[in-house]
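As annotated by TrEMBL, active site applies to E261. Taken from TrEMBL, the feature domain 'Aldehyde dehydrogenase' covers 31-487.
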Amino acid sequence: MAIQTHDELLTTIKDALQACGYVGELGGGSLQTRTPMTGEDLFAIEGTTKEQATEMIALADEAFKSWREVPAPRRGNVVKRWGQLLAEHKHDLGLLVQIEAGKSISEAEGEVQEMIDICDLALGQSRMLYGKTMPSERPGHRLMETWHPIGVVGVISAFNFPVAVYSWNTANALVCGDTVVWKPSEMCALSALGAHALLSRAIADCGEDQNISQLILGDRNVGEVLLDDPRVELVSATGSTRMGREVAPRVASRFGRYLLELGGNNAGIVTPSADLDLALRGIVFAAAGTAGQRCTTMRRLIVHESIADELVDKIVAAYKTLTIGDPRDESVLVGPLLHQGAYDDMQQALKTAKEQGGDVLVGGERVLVDDSEKSFYVQPAVVRMPEQSDIVHNETFAPILYVMTYSDFNEAIALHNAVPQGLSSAIFTENNSEAEIFLSASGSDCGIANVNIGTSGAEIGGAFGGEKETGGGRESGSDAWKAYMRRSTNTVNYSGELPLAQGVKFL
Ligand code: UN1
């Protein structure tokens with residue numbers, strides 16, 4: 001998209017939403033949307049009240065009663081169709097993501113591609129909701145497990161991946177026979193309208209019940225309805241650790257299930273044998289890409305002291321070539337931060353880092369784009385830190401890469417694991433045993449551990465999520481579907497006798 005006037009931008013949004021199949025009003029509502037690209041307000045759309053949200057849960061709960069009876073491969077047709085529509089409207093939805101999250105068009109469309117990919121995976125999964133059969137200890141008995149839908153799944157998603165993470169949850173939940181009530185970030189309500197409209201079309205095209213998919217728009221207050229309503233069997237929430245601390249006990253107190261994908265503080269270790277040019281590219285994309293606003297962003301670099309100066313010089317030089325600006329300009333690699341709050345957090349973290357002995361090697365300063373005071377662009381920062389400091393234990397959702405050095409490999413692993421979060425991790429090495437140790441039980445303690453690629457940009461085929469304060473949940477591929485189902489263990493006796501297990505005698 002070329003850089004346009006504000007009015008042209010509004011027209012682009014209307015056209016993209018219309019192309020996705022959104023037929024509602026844009027304007028006159030209470031939920032103000034805006035774009036971080038210019039900091040300007042967009043449309044004020046209709047928000048959802050708590051009463052309406054509760055009604056949506058009721059509708060989804062009612063729809064569940066028949067959706068769970070629909071054969072899973074037929075449920076798969078809905079996500080198949082959704083994937084087709086997403087492919088057709090990749091650019092339309094990508095534009096909305098770009099406008100609200102400030103991503104380059106390549107990254108924004110990449111996000112929609114993640115949606116298409118998970119639809120493919122979930123379609124296949126709809127024929128593979130496998131349960132096990134185990135040998136029974138009793139003659140003439142069959143022991144097995146079957147998987148059943150659980151009910152309404154509440155999905156709470158964040159601004160930085162406004163549609164992809166929603167689709168990981170939704171595609172899996174739908175084929176598993178659950179219904180979905182989605183509360184997206186209020187920062188990305190327009191992208192949500194587009195993604196939701198495409199799913200509504202897919203449901204209509206397949207002749208299924210529209211009530212299996214519901215959309216709640218608004219701030220955290222309205223989202224809280226999902227935490228407390230006992231009809232919401234699973235709450236899948238993506239966001240800060242602070243949010244997770246609130247979600248988990250509230251949902252647990254009513255014995256609901258939760259799936260959390262919270263903060264990361266992802267590190268890369270670079271060992272003396274590493275291919276430094278490859279490491280450089282992996283590090284710069286992971287640390288500065290998406291303006292440091294991925295939960296998988298690389299925030300810490302732990303480099304062997306013998307190569308630290310060489311690698312750091314290369315990183316600083318590469319950072320100086322990064323194009324920062326309005327992401328509608330296709331030569332731009334680093335777009336805006338979400339808002340002033342994100343910018344202030346970054347400045348505060350840099351100040352603290354300096355107080356704790358940090359040396360800012362590049363970046364941190366604001367970049368004015370079009371002389372606008374309303375948007376917040378920054379030069380991504382690299383900060384050389386002493387081995388021990390508190391600030392590196394915190395996740396700041398901005399492009400700051402803290403660099404530390406090590407001399408002994410075990411020390412590198414200890415530094416790596418010394419933070420409360422545990423999402424993603426990487427090692428750059430050509431030494432096989434270092435790579436294997438990093439992936440072993442005494443290596444990285446994260447949910448994702450990579451060799452010779454950065455910490456971000458995971459494919460949907462693997463399970464996505466992390467340990468410790470990241471919350472322990474797993475979404476997306478592998479066997480993550482099991483979180484959206486309940487397991488039933490079944491013993492069938494066809495012996496005509498009634499032998500008891502463990503050889504117990506009775507009557
Ligand atoms: C997120 O930032 O919440 O691995 C999700 C990645 C993307 C998903 C990030 N596939 O960076």
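Positions of Cβ are set from backbone N, Cα and C atoms, glycine also.
Note that the structure is a prediction, hence the values are computed from the model and not measured.
Just so you know, the Cβ of E261 (active site) picks up 30 other Cβ atoms within 10 Å once every protein chain is counted. Look at the residue listed as 'active site': DSSP puts it in a strand. Summarising model confidence by region, the domain 'Aldehyde dehydrogenase' (31-487) averages a pLDDT of 98.
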